[in-house]
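Peer 1: So TrEMBL lists these for the protein:
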{"type": "DOMAIN", "residues": "B:10-103", "note": "domain 'Pseudouridine synthase I TruA alpha/beta'"}
{"type": "ACT_SITE", "residues": "B:Asp53", "note": "active site, nucleophile"}
{"type": "BINDING", "residues": "B:Tyr111", "note": "substrate binding site"}
{"type": "DOMAIN", "residues": "B:149-257", "note": "domain 'Pseudouridine synthase I TruA alpha/beta'"}
There are 2 protein chains.
Amino acid sequence: MPRNFKITLAYDGHEFHGWQIQPGKPTIQGTLAETIERITGEQTLPQGSGRTDAGVHALGQVASVALQTPIPADGLHIALNDKLPPSIRALTVGEAAPDFHARHSAKGKTYRYRIYRAAICSPFLAHYVWHYPWRLDESVMQSATAFIQGEHDFTSFAASDPDRAQRIRDAEDEDGPSNVRTIYDAVWRTEGHELIFEVRGNGFLHHMVRNLVGTFVDFGKWQHPAESMAKILREKSRSAAGPAAPASGLYLVNVEY
Amino acid sequence: MPRNFKITLAYDGHEFHGWQIQPGKPTIQGTLAETIERITGEQTLPQGSGRTDAGVHALGQVASVALQTPIPADGLHIALNDKLPPSIRALTVGEAAPDFHARHSAKGKTYRYRIYRAAICSPFLAHYVWHYPWRLDESVMQSATAFIQGEHDFTSFAASDPDRAQRIRDAEDEDGPSNVRTIYDAVWRTEGHELIFEVRGNGFLHHMVRNLVGTFVDFGKWQHPAESMAKILREKSRSAAGPAAPASGLYLVNVEY
(Lines of atoms letter the chains of each structure in order from A and count residues from 1; the text may use other names and numbers.)
(Lines give C-alpha, C1' and ligand atoms only; values in the text may rest on other atoms or scores of the structure.)
Protein backbone atom coordinates (compact mmCIF):
# COMPACT_ATOMS: atom_id res chain seq x y z
CA MET A 1 0.00 0.00 0.00
CA PRO A 2 1.41 3.43 -0.88
CA ARG A 3 2.27 5.91 1.86
CA ASN A 4 0.80 9.40 1.62
CA PHE A 5 3.14 12.36 2.14
CA LYS A 6 2.41 15.99 2.99
CA ILE A 7 5.15 18.38 1.82
CA THR A 8 5.26 22.07 2.77
CA LEU A 9 7.13 24.17 0.19
CA ALA A 10 8.53 27.68 -0.13
CA TYR A 11 9.45 28.95 -3.59
CA ASP A 12 10.61 31.97 -5.49
CA GLY A 13 7.92 32.21 -8.19
CA HIS A 14 10.02 34.57 -10.29
CA GLU A 15 12.04 31.60 -11.54
CA PHE A 16 9.05 29.48 -12.62
CA HIS A 17 6.10 29.44 -15.00
CA GLY A 18 3.72 28.87 -12.10
CA TRP A 19 2.78 25.75 -10.15
CA GLN A 20 1.11 23.65 -12.85
CA ILE A 21 3.22 21.25 -14.92
CA GLN A 22 3.73 22.38 -18.55
CA PRO A 23 5.86 20.68 -21.19
CA GLY A 24 9.23 22.37 -21.75
CA LYS A 25 8.80 25.06 -19.07
CA PRO A 26 10.12 25.15 -15.52
CA THR A 27 7.17 24.82 -13.12
CA ILE A 28 7.03 24.01 -9.42
CA GLN A 29 4.86 20.91 -9.88
CA GLY A 30 7.02 19.64 -12.74
CA THR A 31 10.29 20.24 -10.86
CA LEU A 32 8.92 18.55 -7.74
CA ALA A 33 7.69 15.54 -9.77
CA GLU A 34 11.09 15.16 -11.49
CA THR A 35 12.96 15.47 -8.21
CA ILE A 36 10.77 12.84 -6.52
CA GLU A 37 11.38 10.54 -9.49
CA ARG A 38 15.17 11.07 -9.22
CA ILE A 39 15.02 10.15 -5.51
CA THR A 40 12.51 7.26 -5.52
CA GLY A 41 12.27 6.15 -9.15
CA GLU A 42 8.49 6.68 -8.91
CA GLN A 43 6.55 8.70 -11.49
CA THR A 44 3.95 10.78 -9.67
CA LEU A 45 2.07 14.05 -10.00
CA PRO A 46 2.18 15.82 -6.62
CA GLN A 47 -1.06 17.73 -5.95
CA GLY A 48 -0.80 21.30 -4.65
CA SER A 49 -3.32 23.11 -2.44
CA GLY A 50 -3.93 25.26 -5.51
CA ARG A 51 -2.20 26.53 -8.61
CA THR A 52 -0.04 29.61 -8.18
CA ASP A 53 0.45 31.68 -11.36
CA ALA A 54 3.79 32.48 -13.01
CA GLY A 55 5.71 34.89 -10.77
CA VAL A 56 3.62 34.22 -7.64
CA HIS A 57 5.65 33.17 -4.58
CA ALA A 58 4.97 30.72 -1.77
CA LEU A 59 6.07 30.76 1.85
CA GLY A 60 3.99 27.69 2.72
CA GLN A 61 2.41 25.92 -0.25
CA VAL A 62 1.34 22.36 0.55
CA ALA A 63 1.59 19.34 -1.75
CA SER A 64 0.43 15.76 -1.25
CA VAL A 65 1.82 12.73 -3.02
CA ALA A 66 1.40 8.95 -2.66
CA LEU A 67 4.65 6.98 -2.84
CA GLN A 68 5.69 3.34 -2.47
CA THR A 69 9.21 4.29 -1.36
CA PRO A 70 10.48 2.87 1.94
CA ILE A 71 12.54 6.07 2.53
CA PRO A 72 11.53 7.63 5.89
CA ALA A 73 9.95 11.12 5.74
CA ASP A 74 13.08 12.73 7.27
CA GLY A 75 15.30 11.11 4.65
CA LEU A 76 12.96 12.23 1.86
CA HIS A 77 13.08 15.76 3.30
CA ILE A 78 16.89 15.87 3.19
CA ALA A 79 17.01 14.31 -0.28
CA LEU A 80 14.46 16.81 -1.63
CA ASN A 81 16.44 19.83 -0.43
CA ASP A 82 19.60 18.26 -1.78
CA LYS A 83 18.16 17.71 -5.28
CA LEU A 84 15.65 20.57 -5.69
CA PRO A 85 16.95 23.89 -7.08
CA PRO A 86 17.66 26.49 -4.33
CA SER A 87 14.60 28.44 -5.54
CA ILE A 88 12.32 25.67 -4.14
CA ARG A 89 12.73 24.44 -0.57
CA ALA A 90 10.88 21.67 1.23
CA LEU A 91 10.15 23.17 4.66
CA THR A 92 8.54 20.06 6.13
CA VAL A 93 7.91 16.49 4.92
CA GLY A 94 5.66 14.18 6.91
CA GLU A 95 3.41 11.16 6.48
CA ALA A 96 -0.27 12.00 6.24
CA ALA A 97 -3.51 10.03 6.61
CA PRO A 98 -4.32 7.97 3.48
CA ASP A 99 -7.21 10.28 2.56
CA PHE A 100 -5.22 13.54 2.93
CA HIS A 101 -5.26 15.57 -0.30
CA ALA A 102 -3.52 18.98 -0.44
CA ARG A 103 -6.40 20.59 -2.36
CA HIS A 104 -9.53 18.73 -1.28
CA SER A 105 -8.59 18.67 2.43
CA ALA A 106 -7.72 22.40 2.63
CA LYS A 107 -9.93 24.35 5.07
CA GLY A 108 -8.37 27.79 4.66
CA LYS A 109 -5.55 29.78 3.11
CA THR A 110 -3.68 32.98 3.79
CA TYR A 111 -2.22 35.20 1.06
CA ARG A 112 -0.01 38.28 1.42
CA TYR A 113 0.46 41.05 -1.13
CA ARG A 114 3.42 43.48 -0.90
CA ILE A 115 3.25 46.98 -2.44
CA TYR A 116 6.53 48.92 -2.32
CA ARG A 117 5.91 52.66 -1.88
CA ALA A 118 9.35 54.36 -2.01
CA ALA A 119 10.18 56.46 -5.08
CA ILE A 120 13.03 54.12 -6.11
CA CYS A 121 12.48 50.36 -5.86
CA SER A 122 15.39 48.43 -4.39
CA PRO A 123 16.95 46.22 -7.12
CA PHE A 124 16.66 43.34 -4.64
CA LEU A 125 12.86 43.68 -4.50
CA ALA A 126 12.05 44.13 -8.20
CA HIS A 127 10.62 40.58 -8.54
CA TYR A 128 9.19 40.42 -5.01
CA VAL A 129 6.83 43.40 -4.71
CA TRP A 130 4.59 45.65 -6.78
CA HIS A 131 6.43 48.95 -7.03
CA TYR A 132 3.72 51.59 -6.75
CA PRO A 133 5.28 54.91 -5.69
CA TRP A 134 2.25 57.11 -6.46
CA ARG A 135 -0.20 58.63 -4.06
CA LEU A 136 -2.71 56.31 -2.35
CA ASP A 137 -5.31 57.10 0.28
CA GLU A 138 -4.85 54.15 2.59
CA SER A 139 -7.89 55.00 4.70
CA VAL A 140 -10.21 54.54 1.69
CA MET A 141 -8.47 51.22 0.91
CA GLN A 142 -9.00 50.10 4.53
CA SER A 143 -12.67 51.08 4.42
CA ALA A 144 -13.30 49.30 1.10
CA THR A 145 -11.58 46.19 2.48
CA ALA A 146 -14.17 45.87 5.25
CA PHE A 147 -16.81 45.03 2.60
CA ILE A 148 -15.17 41.75 1.60
CA GLN A 149 -15.20 40.28 5.13
CA GLY A 150 -17.57 37.32 5.47
CA GLU A 151 -19.34 35.20 2.85
CA HIS A 152 -19.75 36.72 -0.62
CA ASP A 153 -20.03 35.76 -4.26
CA PHE A 154 -16.64 36.89 -5.64
CA THR A 155 -17.49 36.54 -9.36
CA SER A 156 -16.42 40.19 -9.91
CA PHE A 157 -12.91 39.18 -8.77
CA ALA A 158 -12.64 35.83 -10.59
CA ALA A 159 -10.34 35.48 -13.59
CA SER A 160 -12.22 36.29 -16.78
CA ASP A 161 -10.81 33.10 -18.09
CA PRO A 162 -12.05 31.83 -21.48
CA ASP A 163 -11.71 28.18 -20.47
CA ARG A 164 -13.35 28.74 -17.13
CA ALA A 165 -16.70 27.29 -18.23
CA GLN A 166 -14.86 24.19 -19.35
CA ARG A 167 -12.88 24.07 -16.13
CA ILE A 168 -16.07 24.26 -14.09
CA ARG A 169 -17.33 21.12 -15.85
CA ASP A 170 -13.98 19.50 -15.08
CA ALA A 171 -14.16 17.47 -11.87
CA GLU A 172 -10.52 18.38 -11.19
CA ASP A 173 -11.33 22.10 -11.11
CA GLU A 174 -9.85 23.51 -7.94
CA ASP A 175 -12.47 26.16 -7.38
CA GLY A 176 -15.61 24.11 -7.78
CA PRO A 177 -18.62 25.51 -9.59
CA SER A 178 -19.50 28.15 -6.98
CA ASN A 179 -17.84 31.56 -6.70
CA VAL A 180 -18.97 31.99 -3.09
CA ARG A 181 -16.09 32.22 -0.62
CA THR A 182 -15.75 33.29 3.01
CA ILE A 183 -13.10 35.82 4.00
CA TYR A 184 -12.18 35.51 7.69
CA ASP A 185 -9.71 38.41 7.85
CA ALA A 186 -8.47 41.04 5.40
CA VAL A 187 -6.16 43.81 6.60
CA TRP A 188 -3.70 46.33 5.27
CA ARG A 189 -0.63 47.25 7.31
CA THR A 190 2.48 49.37 6.76
CA GLU A 191 5.99 47.99 7.28
CA GLY A 192 8.84 50.34 6.39
CA HIS A 193 8.34 51.32 2.74
CA GLU A 194 5.75 48.58 2.19
CA LEU A 195 1.99 48.53 2.25
CA ILE A 196 1.01 44.93 2.90
CA PHE A 197 -2.35 43.24 2.39
CA GLU A 198 -2.98 40.02 4.23
CA VAL A 199 -6.10 37.98 3.62
CA ARG A 200 -7.31 34.71 5.11
CA GLY A 201 -10.30 32.81 3.77
CA ASN A 202 -11.80 29.37 3.22
CA GLY A 203 -10.69 29.48 -0.43
CA PHE A 204 -9.86 31.84 -3.29
CA LEU A 205 -10.88 31.96 -6.95
CA HIS A 206 -8.28 32.09 -9.70
CA HIS A 207 -6.68 35.62 -9.69
CA MET A 208 -8.98 36.67 -6.83
CA VAL A 209 -6.30 38.19 -4.55
CA ARG A 210 -4.59 40.07 -7.41
CA ASN A 211 -7.98 41.36 -8.64
CA LEU A 212 -8.90 42.47 -5.11
CA VAL A 213 -5.56 44.29 -4.63
CA GLY A 214 -5.80 46.02 -8.04
CA THR A 215 -9.34 47.14 -7.12
CA PHE A 216 -8.29 48.38 -3.65
CA VAL A 217 -5.54 50.44 -5.33
CA ASP A 218 -8.24 51.99 -7.57
CA PHE A 219 -10.05 52.92 -4.34
CA GLY A 220 -6.79 54.41 -3.02
CA LYS A 221 -6.73 56.65 -6.10
CA TRP A 222 -10.24 57.96 -5.16
CA GLN A 223 -11.82 56.32 -8.20
CA HIS A 224 -14.73 55.19 -6.04
CA PRO A 225 -16.04 55.88 -2.54
CA ALA A 226 -15.43 52.91 -0.21
CA GLU A 227 -19.15 51.98 -0.16
CA SER A 228 -19.14 51.15 -3.87
CA MET A 229 -17.25 47.95 -2.98
CA ALA A 230 -20.64 46.47 -2.03
CA LYS A 231 -21.98 47.34 -5.48
CA ILE A 232 -18.92 45.81 -7.23
CA LEU A 233 -19.58 42.54 -5.37
CA ARG A 234 -23.31 42.65 -6.20
CA GLU A 235 -22.70 43.13 -9.93
CA LYS A 236 -20.98 39.72 -10.20
CA SER A 237 -19.13 40.92 -13.26
CA ARG A 238 -15.38 41.04 -13.77
CA SER A 239 -15.72 44.40 -15.55
CA ALA A 240 -17.17 46.00 -12.39
CA ALA A 241 -13.86 45.57 -10.54
CA GLY A 242 -10.35 46.97 -11.13
CA PRO A 243 -7.37 45.45 -12.95
CA ALA A 244 -5.27 42.59 -11.57
CA ALA A 245 -2.23 43.62 -9.51
CA PRO A 246 1.07 42.13 -10.80
CA ALA A 247 2.01 38.58 -9.81
CA SER A 248 5.38 39.68 -8.34
CA GLY A 249 3.85 41.01 -5.09
CA LEU A 250 1.76 37.92 -4.23
CA TYR A 251 2.70 35.24 -1.67
CA LEU A 252 0.78 32.13 -0.63
CA VAL A 253 1.58 32.29 3.09
CA ASN A 254 0.03 29.07 4.39
CA VAL A 255 -2.72 26.50 4.01
CA GLU A 256 -4.88 25.28 6.88
CA TYR A 257 -6.21 21.72 7.22
CA MET B 1 33.51 71.77 -21.45
CA PRO B 2 32.03 68.47 -20.26
CA ARG B 3 30.23 68.24 -16.94
CA ASN B 4 31.34 65.59 -14.47
CA PHE B 5 28.66 63.43 -12.84
CA LYS B 6 28.73 61.28 -9.71
CA ILE B 7 26.19 58.44 -9.77
CA THR B 8 25.45 56.23 -6.76
CA LEU B 9 24.16 52.80 -7.78
CA ALA B 10 22.54 49.78 -6.14
CA TYR B 11 22.48 46.52 -8.07
CA ASP B 12 21.58 42.87 -7.81
CA GLY B 13 24.87 41.24 -8.85
CA HIS B 14 23.17 37.88 -9.43
CA GLU B 15 21.89 39.13 -12.79
CA PHE B 16 25.28 40.36 -14.11
CA HIS B 17 28.75 39.16 -15.04
CA GLY B 18 30.32 41.69 -12.66
CA TRP B 19 31.01 45.41 -12.99
CA GLN B 20 33.52 45.45 -15.82
CA ILE B 21 32.33 45.75 -19.41
CA GLN B 22 32.69 42.51 -21.44
CA PRO B 23 31.55 41.90 -24.99
CA GLY B 24 28.32 39.91 -25.25
CA LYS B 25 27.74 39.63 -21.50
CA PRO B 26 25.47 41.69 -19.23
CA THR B 27 27.68 43.78 -16.92
CA ILE B 28 26.89 46.79 -14.75
CA GLN B 29 29.41 49.06 -16.47
CA GLY B 30 28.25 47.99 -19.94
CA THR B 31 24.54 48.39 -19.08
CA LEU B 32 25.18 51.82 -17.56
CA ALA B 33 27.21 52.95 -20.60
CA GLU B 34 24.47 51.77 -23.01
CA THR B 35 21.75 53.46 -20.96
CA ILE B 36 23.65 56.76 -20.85
CA GLU B 37 24.11 56.54 -24.61
CA ARG B 38 20.36 55.92 -25.11
CA ILE B 39 19.59 59.01 -23.01
CA THR B 40 22.29 61.46 -24.17
CA GLY B 41 23.63 60.00 -27.43
CA GLU B 42 27.13 60.14 -25.90
CA GLN B 43 29.45 57.14 -25.91
CA THR B 44 31.25 57.00 -22.55
CA LEU B 45 32.80 54.48 -20.19
CA PRO B 46 31.60 55.28 -16.65
CA GLN B 47 34.32 54.59 -14.07
CA GLY B 48 33.38 52.67 -10.93
CA SER B 49 34.99 52.97 -7.50
CA GLY B 50 36.21 49.42 -8.11
CA ARG B 51 35.24 46.31 -10.03
CA THR B 52 32.75 44.01 -8.35
CA ASP B 53 32.92 40.36 -9.43
CA ALA B 54 30.10 38.37 -11.01
CA GLY B 55 27.40 37.76 -8.40
CA VAL B 56 28.62 40.49 -6.00
CA HIS B 57 25.95 43.04 -5.04
CA ALA B 58 26.09 46.77 -4.39
CA LEU B 59 24.05 48.95 -2.07
CA GLY B 60 26.11 52.06 -2.83
CA GLN B 61 28.60 51.65 -5.68
CA VAL B 62 29.79 54.99 -7.08
CA ALA B 63 30.49 55.79 -10.75
CA SER B 64 31.84 58.95 -12.36
CA VAL B 65 31.28 59.99 -15.96
CA ALA B 66 31.96 63.14 -17.99
CA LEU B 67 29.11 64.20 -20.29
CA GLN B 68 28.38 67.10 -22.63
CA THR B 69 24.63 66.73 -22.17
CA PRO B 70 22.65 69.79 -21.04
CA ILE B 71 20.20 67.52 -19.14
CA PRO B 72 20.08 68.59 -15.46
CA ALA B 73 21.27 66.01 -12.91
CA ASP B 74 17.71 65.44 -11.63
CA GLY B 75 16.47 64.77 -15.15
CA LEU B 76 19.34 62.36 -15.80
CA HIS B 77 18.46 60.59 -12.53
CA ILE B 78 14.83 60.06 -13.59
CA ALA B 79 15.83 59.01 -17.13
CA LEU B 80 18.39 56.50 -15.79
CA ASN B 81 15.85 54.77 -13.55
CA ASP B 82 13.36 54.79 -16.39
CA LYS B 83 15.76 53.09 -18.85
CA LEU B 84 17.98 50.92 -16.63
CA PRO B 85 16.76 47.36 -15.88
CA PRO B 86 15.07 47.07 -12.42
CA SER B 87 18.14 45.13 -11.20
CA ILE B 88 20.21 48.36 -11.34
CA ARG B 89 18.96 51.56 -9.66
CA ALA B 90 20.53 55.01 -9.63
CA LEU B 91 20.14 56.12 -6.02
CA THR B 92 21.60 59.60 -6.51
CA VAL B 93 22.90 61.58 -9.50
CA GLY B 94 24.76 64.86 -8.96
CA GLU B 95 27.32 67.10 -10.58
CA ALA B 96 30.83 66.67 -9.19
CA ALA B 97 34.04 68.75 -9.31
CA PRO B 98 35.88 68.38 -12.65
CA ASP B 99 38.67 66.33 -11.04
CA PHE B 100 36.32 63.88 -9.24
CA HIS B 101 37.04 60.26 -10.23
CA ALA B 102 35.07 57.42 -8.64
CA ARG B 103 38.19 55.25 -8.18
CA HIS B 104 41.08 57.67 -7.73
CA SER B 105 39.18 60.00 -5.39
CA ALA B 106 37.90 57.19 -3.11
CA LYS B 107 39.14 57.48 0.51
CA GLY B 108 37.42 54.46 2.00
CA LYS B 109 34.94 51.67 1.39
CA THR B 110 32.62 49.48 3.41
CA TYR B 111 31.73 45.90 2.48
CA ARG B 112 29.21 43.56 4.08
CA TYR B 113 29.16 39.76 3.90
CA ARG B 114 26.03 37.77 4.82
CA ILE B 115 26.25 34.14 6.00
CA TYR B 116 22.89 32.40 6.42
CA ARG B 117 22.98 29.90 9.30
CA ALA B 118 19.56 28.18 9.36
CA ALA B 119 19.38 24.53 8.29
CA ILE B 120 17.19 25.36 5.27
CA CYS B 121 18.01 28.44 3.19
CA SER B 122 15.03 30.56 2.20
CA PRO B 123 14.49 30.32 -1.59
CA PHE B 124 14.39 34.14 -1.57
CA LEU B 125 17.96 34.36 -0.22
CA ALA B 126 19.70 31.73 -2.37
CA HIS B 127 21.52 34.35 -4.49
CA TYR B 128 21.94 36.88 -1.67
CA VAL B 129 23.81 35.05 1.10
CA TRP B 130 26.29 32.24 1.66
CA HIS B 131 24.26 29.38 3.09
CA TYR B 132 26.50 27.82 5.73
CA PRO B 133 24.38 25.81 8.18
CA TRP B 134 27.26 23.93 9.85
CA ARG B 135 28.79 24.56 13.25
CA LEU B 136 30.96 27.67 13.66
CA ASP B 137 32.66 29.01 16.77
CA GLU B 138 31.90 32.68 16.41
CA SER B 139 34.14 33.68 19.29
CA VAL B 140 37.23 32.34 17.48
CA MET B 141 36.11 34.19 14.33
CA GLN B 142 35.75 37.43 16.34
CA SER B 143 39.20 36.98 17.91
CA ALA B 144 40.89 36.27 14.56
CA THR B 145 39.19 39.35 13.08
CA ALA B 146 40.95 41.65 15.57
CA PHE B 147 44.28 40.83 13.86
CA ILE B 148 43.31 42.54 10.59
CA GLN B 149 42.54 45.93 12.20
CA GLY B 150 45.02 48.65 11.19
CA GLU B 151 47.64 48.74 8.43
CA HIS B 152 48.81 45.40 7.01
CA ASP B 153 50.16 43.85 3.85
CA PHE B 154 47.18 41.76 2.68
CA THR B 155 49.03 39.74 -0.01
CA SER B 156 47.79 36.50 1.64
CA PHE B 157 44.23 37.63 0.86
CA ALA B 158 44.81 39.01 -2.66
CA ALA B 159 43.44 37.13 -5.68
CA SER B 160 46.04 34.67 -6.95
CA ASP B 161 45.35 36.15 -10.31
CA PRO B 162 47.56 35.12 -13.25
CA ASP B 163 47.35 38.52 -14.92
CA ARG B 164 47.97 40.39 -11.71
CA ALA B 165 51.64 41.16 -12.55
CA GLN B 166 50.44 42.61 -15.82
CA ARG B 167 47.71 44.56 -14.11
CA ILE B 168 50.22 46.05 -11.64
CA ARG B 169 52.22 47.43 -14.55
CA ASP B 170 48.99 48.83 -15.97
CA ALA B 171 48.49 52.43 -14.87
CA GLU B 172 44.73 51.76 -14.79
CA ASP B 173 45.12 49.07 -12.14
CA GLU B 174 42.69 49.81 -9.38
CA ASP B 175 44.80 48.40 -6.59
CA GLY B 176 48.12 50.01 -7.35
CA PRO B 177 51.33 48.10 -6.89
CA SER B 178 51.20 47.85 -3.09
CA ASN B 179 49.18 45.27 -1.16
CA VAL B 180 49.24 47.37 2.01
CA ARG B 181 45.80 48.48 3.15
CA THR B 182 44.35 49.95 6.34
CA ILE B 183 41.29 48.39 7.95
CA TYR B 184 39.44 50.88 10.16
CA ASP B 185 36.74 48.53 11.46
CA ALA B 186 35.95 44.85 11.04
CA VAL B 187 33.13 43.28 13.04
CA TRP B 188 30.86 40.27 13.03
CA ARG B 189 27.29 40.56 14.23
CA THR B 190 24.24 38.28 14.36
CA GLU B 191 20.88 39.30 12.88
CA GLY B 192 18.17 36.66 12.97
CA HIS B 193 19.52 33.63 11.11
CA GLU B 194 22.43 35.63 9.66
CA LEU B 195 26.02 36.07 10.71
CA ILE B 196 27.14 39.34 9.13
CA PHE B 197 30.68 40.63 8.59
CA GLU B 198 31.12 44.34 8.05
CA VAL B 199 34.50 45.80 7.17
CA ARG B 200 35.57 49.37 6.45
CA GLY B 201 39.00 50.27 5.11
CA ASN B 202 40.92 52.67 2.90
CA GLY B 203 40.85 50.14 0.06
CA PHE B 204 40.57 46.45 -0.72
CA LEU B 205 42.54 44.10 -3.00
CA HIS B 206 40.77 42.00 -5.61
CA HIS B 207 38.90 39.17 -3.78
CA MET B 208 40.18 40.41 -0.40
CA VAL B 209 36.85 40.44 1.47
CA ARG B 210 35.82 37.01 0.14
CA ASN B 211 39.25 35.57 1.02
CA LEU B 212 39.05 37.08 4.52
CA VAL B 213 35.54 35.66 5.10
CA GLY B 214 36.55 32.20 3.83
CA THR B 215 39.53 32.27 6.18
CA PHE B 216 37.47 33.43 9.18
CA VAL B 217 35.08 30.53 8.54
CA ASP B 218 38.10 28.18 8.66
CA PHE B 219 38.87 29.71 12.07
CA GLY B 220 35.25 29.11 13.08
CA LYS B 221 35.79 25.41 12.27
CA TRP B 222 38.75 25.35 14.72
CA GLN B 223 41.25 24.81 11.95
CA HIS B 224 43.58 27.37 13.56
CA PRO B 225 43.81 29.20 16.90
CA ALA B 226 42.90 32.89 16.48
CA GLU B 227 46.53 34.01 16.94
CA SER B 228 47.62 32.28 13.74
CA MET B 229 45.89 35.10 11.82
CA ALA B 230 49.04 37.17 12.49
CA LYS B 231 51.16 34.41 10.93
CA ILE B 232 48.88 34.17 7.85
CA LEU B 233 49.33 37.92 7.28
CA ARG B 234 53.14 37.66 7.79
CA GLU B 235 53.50 34.87 5.23
CA LYS B 236 52.29 37.11 2.37
CA SER B 237 51.20 34.05 0.44
CA ARG B 238 47.75 33.26 -0.87
CA SER B 239 48.21 29.60 0.10
CA ALA B 240 48.58 30.55 3.78
CA ALA B 241 44.96 31.73 3.94
CA GLY B 242 41.62 29.94 3.46
CA PRO B 243 39.42 29.63 0.38
CA ALA B 244 37.32 32.48 -1.05
CA ALA B 245 33.76 32.70 0.26
CA PRO B 246 31.10 32.68 -2.51
CA ALA B 247 30.30 35.94 -4.33
CA SER B 248 26.58 35.70 -3.49
CA GLY B 249 27.03 36.91 0.12
CA LEU B 250 29.09 40.05 -0.68
CA TYR B 251 27.76 43.63 -0.81
CA LEU B 252 29.64 46.86 -1.54
CA VAL B 253 27.83 49.05 1.02
CA ASN B 254 29.30 52.48 0.33
CA VAL B 255 32.31 54.46 -0.84
CA GLU B 256 33.73 57.45 1.03
CA TYR B 257 35.29 60.51 -0.65
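Every residue gets a Cβ built from N, Cα and C, even glycine.
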Peer 1: Give the sequence-ordered list of residues that share a chain with B:Asp53 (active site, nucleophile), lie 6 or more positions from it, and have CB atoms under 8 Å from its CB.
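Peer 2: In sequence order, B:Gly13, B:Gly18, B:Trp19, B:His207, B:Ala247, B:Leu250 meet the Cβ cut-off.
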Peer 1: Within 10 Å of the Cβ of B:Tyr111 (substrate binding site), how many other Cβ atoms can be counted across all chains shown?
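Peer 2: By my count, 25.
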Peer 1: Can you tell me the three-state DSSP label for B:Tyr111 (substrate binding site)?
Peer 2: strand
Peer 1: Over the domain 'Pseudouridine synthase I TruA alpha/beta' (B:10-103), what does the predicted model average in pLDDT?
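Peer 2: Reported value for the domain 'Pseudouridine synthase I TruA alpha/beta' (B:10-103) is a mean pLDDT of 97.
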Peer 1: Across the domain 'Pseudouridine synthase I TruA alpha/beta' (B:10-103), what are the DSSP residue counts per state (helix, strand, coil)?
Peer 2: 27 helix, 24 strand, 43 coil
